[in-house]
């Protein structure tokens with residue numbers, strides 16, 4: 001596959017992932033699917049907007065750049081038929097790095113949130129009743145959270161989704177870094193003869 005076509009494929013995949021990560025983060029503001037009376041009762045990691053900013057907004061920019069690479073003008077500069085495309089592929093590496101940082105931020109936040117567990121009412125106070133992810137393998141501990149209802153599976157499911165999706169985003173952006181390097185060094189096969197050249201890049 002040509003480097004431009006590969007980038008477009010990656011961009012097409014990143015867009016829905018960014019949307020899903022944003023939705024997952026928004027749902028975390030409603031513990032157990034309900035509106036809380038006090039925002040202080042929401043798990044702290046939710047307020048860091050890992051899914052909205054990291055895997056959402058910051059991922060949109062690389063995705064749009066990747067989508068536009070295949071249609072980029074590759075007619076070149078300074079008489080080099082592939083110069084324009086090579087520069088575009090080089091710039092995609094920078095945006096891919098931004099994507100890695102954003103998705104990495106979401107990944108780390110999600111891992112911390114899963115390990116720490118949700119903030120909930122234990123009968124005496126709003127606190128974090130779990131330690132070092134001990135609730136993940138022992139479901140009987142979930143009863144320590146009396147309110148909001150179903151807060152443990154709610155947070156566990158959404159943060160797990162964020163962890164998986166942000167991990168996929170990191171991998172896809174990493175692939176584009178490699179793809180961008182190939183495109184920068186070797187050019188893109190779609191540039192062949194675009195300016196009336198002989199078809200070589």
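From the backbone N, Cα and C atoms, a Cβ is placed for every residue, glycine too.
Look at TrEMBL and you will find 12-31 (among others) tagged as transmembrane segment.
Among the features that TrEMBL reports, transmembrane segment is placed at 46-69 (among others).
The transmembrane segment annotation in TrEMBL covers 90-114 (among others).
Annotation source TrEMBL lists transmembrane segment at 156-175 (among others).
Beyond its flanks by at least six residues, the transmembrane segment (46-69) meets 3-4, 7-8, 10-12, 14-15, 17-19, 21-26, 28-29, 88-89, 91-92, 95-96, 98-99, 101-106, 108-110, 113, 162, 165-166, 169, 173, 176, 183 of its own chain at Cβ-Cβ distances under 8 Å. Counting only same-chain residues 6+ beyond the ends of the transmembrane segment (90-114), those with a CB under 8 A from a CB of the stretch are 7, 14, 21, 43, 45-46, 48, 50-51, 53-55, 57-59, 61-63, 65-66, 69, 133, 136, 155-156, 159-160, 162-163, 166-167, 169-170, 172-174, 176-177, 179-181, 183-184.
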